[in-house]
Amino acid sequence: MNGTLVTEFLIVGFSEMPHLQVPLLISFLCLYMAAVSGNLLIMVTISASPSLHTPMYFFLVNLAVVDILCTSTILPKLLDSMVGQRTISYGGCMTQLFFFTWSLGAELLLFSAMAYDRFVAICCPLHYSAWMGPRVCAFLAGLVWAISLTNTSVHTSLMLRLPFCSSNVIEHFFCEIPPLLKLSCAPTQLNEAMAFAADVFLAVGNFSVTMISYGCIVASILRIRSAEGKRRAFSTCSAHLIVVSMYYSTVIYTYIRPSSSYSLNKDKVVSVIYTSVAPTLNPLIYTLRNKDVKVALRRLLSCC
């Protein structure tokens, strides 16, 4: 197959497990509905509640936008492929790659911004209003979206220059960098080097920043005299750390390896975590366990 003749790709998805098609279809449909409705509810609740117009919730709204972007880029096409149409056009595949990589980079950067916000709030409370003012928050959010947009533009441009001539069968459930590189009949060293560099900066680097921030937060919590205060603080931090660690570890695992080591079944399971599970859990972990959000949500629902 000549590289210039590739007009569509065949997505394998989960077709090798026909006995699980119905349970998987129901599961992904529920995950998508929960992710979109949960994140939309959080956005509306925060926007409609002046008491929640603080830096922490400003970043949570951005996170909700990213999660909706991620799931809406991946899951509708996955559901469509499970009930019939398993092909995706070349342009559709590159578009999916662009928006997914954009949401992935933005989420990784947002976790660092949110960790920094919590670090300033807990460790430097007297400087919080100055260090996390509206202009600073807007600048950090703009930086998150700009860096992630630059990152996805580079990766998508590099992918567009590659010919695909050995096969058009994507051994995955969406268009992602590793399985696409495996299909190219041209050298992919530059693509792999850029993916590795992006993973080191966006995943490993931001994970380190997040862990350092939470390390300082834990040290501050340990100085709290109230046992109840310690329990509540550790409960919140531990939940955040579980989600962050799960997200960062799966992304690092996927992108820091060469494309030749891509494994069909194992890597698809890992990808499900950061494309479907994490966006669904984020509203529950970050906001619905929060007393202020619960009060605002009850007030919003009572007005409807």
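Every residue gets a Cβ built from N, Cα and C, even glycine.
All annotation found in TrEMBL is predicted automatically rather than curated by experts.
On a predicted model such as this, the values are computed, not experimentally measured, just so you know.
Annotated features, as they stand in TrEMBL:
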TRANSMEM  20-44  transmembrane segment
DOMAIN    38-286  domain 'G-protein coupled receptors family 1 profile'
TRANSMEM  56-75  transmembrane segment
TRANSMEM  95-116  transmembrane segment
TRANSMEM  136-154  transmembrane segment
TRANSMEM  200-222  transmembrane segment
TRANSMEM  234-256  transmembrane segment
TRANSMEM  268-288  transmembrane segment
Seg_contact(the transmembrane segment (95-116), the transmembrane segment (20-44)) with at least 3 CB pairs under 8 angstroms, min sep 6: no
Interface check, the transmembrane segment (234-256) with the transmembrane segment (268-288), three or more C-beta pairs under 8 A: yes
Beyond the flanks of the transmembrane segment (136-154) by 6 or more, those residues with Cβ under 8 Å of it: 55, 58-59, 62, 97-99, 101-106, 108-110, 113, 116, 194, 198, 202
Average pLDDT across the domain 'G-protein coupled receptors family 1 profile' (38-286), rounded to a whole number: 88
